[in-house]
Amino acid sequence: MRTAGGAKGGFATAEEDVGPGRRPARVFLGSGFMHGFLRGAPLARRDRLSFLVLLVSQFAATTGFMFVMPFMPLYVQQLGVEDPGRAAAWAGLLNTATAATMALAAPLWGRLADRFGPKPMLLRATFAGAAVVGVMGLAASPWHLLGLRLLQGTLTGTVAAATLLVAATAPAGRAGQRLGTLQTVIFAAAAAGPFLGGVFADLVGIRASFGVTSGLLALSAVLILLGVDGARAPAEGAPRAQEGAGGGVPWLGLVPVLAALFVVQASNTGVAPALPGFVAGLMEEPSGVASLAGQILGAGALAAALGSAAGGRLAERLGARTVIFCSLVLGGLAFLPQAAVSSVAALWVLRVAASFFIGAVVPVANLAVRQAVPPDRQGRAFGVAASVTSVAFGVGPLGGGLLASAFGFGAAFLVPGVLLLAAAGVLLLAPRSRARAVRILKAAAAHIIR
C-alpha cells in the first residue's frame, strides 16, 4: 500500500487504489466519513475542519481527565480512608502512579505510532481512557483505584498522541501555529475541568461524575474516529532517517529542548503546593486564602494558554530555538522576584507573566522536535517528550513541597527561576547535532594534547 507523503506508517488516502475488495486504511478508521461528506470541497477546507474537530475532541478529553481532580481525596475517603491526611496522601499517590506508568509507556506508544500512524494511537488512548475512568466509579477500595490509575497511565496519553497527530498532519509553515493552538485548548480545558468537575460532583455525586468523564472521553473518541484526518502531510525539507545509533533521531540535539520542556513543566506544577501558604503570609486576614490561591492559579492557566498561542505563531517566523530561549529567560526573570514580593497584587502580576512565557515553551518545544526528527521517527521522539513531561508532572509538586518545607515558601519560586535561566544557558551553548558535538570534542582533545 502506498502511504501519504511517502512516510513509513502513514495512511492511504481515500482515493488510492488499495486493491479489489479492500477498503482504504483511513476509511476503516473513520476519516472517510468526513471526506465523503465534504467530497468536492477544497483540500484546505477539509484540512481546517479536521483540525477544528481535533481541537473540540481534545477540549472534551482534557476536560474529562481533569474532571475528577478536585474530589479525588473525597472519593478516597468514601472508599474507607476516613482520615483527611491519609486521604490526601492517597490522592498524591494516585497522581504519581499515573504519571509514572505514563512515563514508562509513552516511548513504546511512540514507536507504535511510527509504525501504524498517530491517529490509531490517539484513538487507543481516548477509548482506553473512557473505559478505565468509567470503571473507577465502581471501585470498592483505594487499592482498586490505584490499580486503575496505573492502568490509566499505561494505556492513555491523549495529549502526546494529539500533539504527534498535529505535528504529522500540519501543512508546511503551519505546524507552529497549530501546535500553539492545540496547547491553548489543552490549557483552557485543564482550567475548566476541575471547576466543572467540582460542580458536577456536588450535583450528581462523585461516583456518577466518573461516568460523566467517561462520556466526555467517549465523545472525544467518536469525534476523532469520524472527523479527524490521519494522513501525514508531505515532508518537504524534513530530515531523512538514517540507520544507526538513535534510529534516525538526533537525540543529542534534542537534549536541550527536552531539558527545557522538563524544567518548564516542573516549574509550572511545583508552585502549587507552596502557593496557598505563601499567599497566606502576604495577607493580613487569613480568610479566603484557598479561593485567592485558586484564582491566581486560574489566571496563570489563562496566561499560559495565551502564551502557547503566541509562541506557536512567533516560532514560525523567528525560529523555534529563539522563541524557547527568550521564553526561558523572561520566564526565569519573572519567577525570581516572586520569592521576595510583599503584596498579593505583585505576586499576581508576576505569576501571570511567568505563566505566559512558560506556556510559550511547550508548543514551540514540540515544533523543535518536529523540525529535527524525520517523519517516520517522530513517534518515538514525541514519546520520549511525553515521558519527560510525565516525570516533570510527578517531580514538580514533590520538589516544590520539599523546597517550601525545608527552606521556606520563597524557595519554591526562587529555584524554578534559576532552573529556567540555566535551561536557557544550556539551550544557547549546547551543540545541535552529533557532528557538531564530535567536532567540538575533537578540537578540545587536540587543544589538550598540544
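Each position is counted from 1, following the chain as shown.
Just so you know, glycine gets a Cβ as well, placed from its N, Cα and C.
Pulled from TrEMBL, these are the features on record:
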type	residues	note
TRANSMEM	49-75	transmembrane segment
DOMAIN	50-434	domain 'Major facilitator superfamily (MFS) profile'
TRANSMEM	87-109	transmembrane segment
TRANSMEM	121-140	transmembrane segment
TRANSMEM	146-167	transmembrane segment
TRANSMEM	179-200	transmembrane segment
TRANSMEM	206-228	transmembrane segment
TRANSMEM	249-267	transmembrane segment
TRANSMEM	287-306	transmembrane segment
TRANSMEM	318-336	transmembrane segment
TRANSMEM	348-369	transmembrane segment
TRANSMEM	381-400	transmembrane segment
TRANSMEM	406-430	transmembrane segment
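As a quick check, the transmembrane segment (206-228) and the transmembrane segment (318-336) miss the bar of 3 or more Cβ pairs under 8 A, pairs 6 or more apart, so the two do not touch.
A contact between the transmembrane segment (87-109) and the transmembrane segment (287-306) is absent, since fewer than 3 of their C-beta pairs, 6 or more residues apart, lie under 8 Å.
For the domain 'Major facilitator superfamily (MFS) profile' (50-434), the mean pLDDT of the prediction comes to 90.
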